[in-house]
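Chemist: I have a structure I would like to understand better, so I am pasting it below and will then ask my questions one at a time.
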Amino acid sequence: MATRSFRHCSSSFVLLLLLLQLPSGSGELQSNYYAESCPNAEEIINQEVANLYDEHGNTAISWIRNLFHDCMVQSCDASLLLESKRGKGIVSEQSSSRSIGMRNFKYVTKIKEALEKECPTTVSCADIIALSARDGIVLLGGPRIEMRSGRRDGKESYASVVEEFIPNHNDSMTLVLSCFESAGIDVEGTVALLGAHSVGRVHCVNLYDRLYPTVDPTLDMDYAEYLKGRCPMPDPNPKKVRYARNDRETPMLLDNMYYKHLVAHKGLLLVDQQLASNPITAPFVQRMASDNSYFQDQFARALLTLSENSPLTGDDGEIRKDCRYINAD
Ligand code: HEM
Ligand SMILES: *[C@@H]1O[C@H](CO)[C@@H](O)[C@H](O)[C@H]1NC(C)=O
């Protein structure tokens, strides 16, 4: 037994130590790791991601957020995909308040089933998270990222640790930067990764603070009026699921429109807007707003780093048969 500690960004002093079995010779990630064990693995994932995108375009958006949530929380180990165990008192990462709005998990199961048919218990759920994000990014007009594979699946998932790694929508830029630094991502890379908020949506619970009782003065006034319409208060129909799109102009493109909006005081979340006002991050926002290929290069670089955050390799962990449950369950 060896002790493995993960750096995280919480301002508390709780030091998180996880006990994991370390293998004698821990392997490394490789490009095309499944070349011999499952030669069609990457093609199957690519095909499934494309089919799902045709039916439900927002699956591609989910694959990007999945990578962020899985890899930021300690390790890219598919802990995000494990379901809570009723009766055993285990509440998994998906139940964290930070996971609000996460969707399309059932389609990960579809991708996994296609892989199991061809190569049973061979391709990890952690690699499905990484490679589906890679392929989803291309479908959304983002960069092609050369990712390695060979990640193995973890056996634990706890909602309670998520908040130590994933910032809240209204956290300070200092805290946000320290979270990403813990995952080896620099300021420029952090600014680029937040550009994922160029696609997808935000539920009104994450916006009310900026609109009521008074409008956040850093918010463009017309945009604030629009958002109040999306998120009325009092809510005439509280049962309705209310949200606003991140980008009304190019909602299905992973592009630098996000930064153009930030410069125009139309950032949706408080953290988004703070990227443009904080003196450390603002210069990168300016440059990304005016140069889409610079944004894409930085996004690709930072996402690759994130996708290799402390993976389990070698004999660590396992290869799950069903991404929702550990094999022993
Ligand atoms: C400081 C860091 C971040 C914070 C606080 C944050 C927070 C949030 C919040 C509150 C939402 C809206 C959830 C909802 O109400 O439905 C969201 C959505 C999203 N986030 Fe982030 N996020 C961060 C960084 C990232 C990064 C680094 C990525 C990926 C590289 C990412 C990808 C996404 C995507 C794709 C969505 C839209 C999901 C959908 O529409 O289904 N986020 N994020
Ligand atoms: C941030 O938002 C949460 C709700 O999501 C709220 O409970 C908290 O008070 C807010 N924090 C600050 C500093 O405004």
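Including glycine, each Cβ sits where the backbone N, Cα and C put it.
I grabbed these lines from TrEMBL:
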type: DOMAIN; residues: 28-327; note: domain 'Plant heme peroxidase family profile'
type: DISULFID; residues: Cys38-Cys119; note: disulfide bond
type: SITE; residues: Arg65; note: site 'Transition state stabilizer'
type: BINDING; residues: Asp70, Val73, Asp77, Ser79, Glu93; note: Ca(2+) 1 binding site
type: DISULFID; residues: Cys71-Cys76; note: disulfide bond
type: DISULFID; residues: Cys125-Cys323; note: disulfide bond
type: BINDING; residues: Pro167; note: substrate binding site
type: BINDING; residues: His197; note: heme b binding site
type: DISULFID; residues: Cys204-Cys231; note: disulfide bond
type: BINDING; residues: Asp247, Thr250, Asp255; note: Ca(2+) 2 binding site
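Let's see these features in context: how buried, what's close, how far.
Modeler: If you take the C-beta of Cys119 (disulfide bond) and look for same-chain residues 6 or more apart in sequence within under 8 angstroms, you find Tyr34, Ser37, Cys38, Asn40, Ala41.
Long-range Cβ proximity for Arg65 (site 'Transition state stabilizer'), meaning a same-chain Cβ under 8 A and a gap of 6 or more residues, is found for Met102, Ala196, Gly200.
In sequence order, Asp70, Ala126, Arg151, Arg152, Asp153, Gly154, Pro311, Leu312, Gly317 constitute the residues six or more apart from Asp77 (Ca(2+) 1 binding site) in its chain with CB-CB distances below 8 Å. For the recorded site, Asp77 (Ca(2+) 1 binding site), the DSSP three-state label reads coil.
Taking the Cβ of Cys76 (disulfide bond) as reference, residues of its chain lying under 8 Å away and at least six apart in sequence are, in sequence order, Leu67, Asp70, Ala126, Ile129, Ala130, Arg151, Ser307, Glu308, Asn309, Ser310, Pro311.
Under DSSP, Cys125 (disulfide bond) is assigned to a helix (H, G or I) in the three-state scheme.
Counting Cβ atoms from all protein chains shown, Pro167 (substrate binding site) has 20 others lying within 10 Å of its own Cβ.
For His197 (heme b binding site), the same-chain residues that are 6 or more apart in sequence and have a Cβ closer than 8 Å to its Cβ are Asn246, Tyr258, Leu268, Leu269, Asp272.
Secondary structure from DSSP puts Cys204 (disulfide bond) in a helix.
For Asp255 (Ca(2+) 2 binding site), applying a Cβ distance below 8 Å and a minimum sequence separation of six or more within one chain yields Gly141, Gly142, Ser198, Asn292, Phe295.
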Chemist: How big is the gap, in Å, between the Cα of Val73 (Ca(2+) 1 binding site) and that of Cys323 (disulfide bond), rounded to a whole number?
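Modeler: The separation of the Cα atoms works out to 17 Å.
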Chemist: Using the CB centroid of Asp247, Thr250, Asp255 as the Ca(2+) 2 site centre, which other residues of the same chain sit with their CB within 8 A?
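Modeler: The answer, listed by sequence position, is Ser198, Val199, Glu249, Pro251, Met252, Leu253, Leu254, Asn256, Met257, Tyr258.
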Chemist: What mean pLDDT score does the domain 'Plant heme peroxidase family profile' (28-327) have in the model?
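Modeler: Value for the domain 'Plant heme peroxidase family profile' (28-327), mean pLDDT as a whole number: 97.
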Chemist: Would you please pick out, from the binding-site residues Asp70, Glu93, Asp247, the one with the fewest other Cβ atoms within 10 Å of its Cβ?
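Modeler: Comparing Cβ neighbour counts within 10 Å for the binding-site residues Asp70, Glu93, Asp247 gives Asp247.
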Chemist: Show which residues of the chain containing Cys125 (disulfide bond), separated from it by at least 6 in sequence, have their CB under 8 Å from its CB.
Modeler: Ala78, Leu81, Val108, Lys112, Asp153, Arg320, Cys323
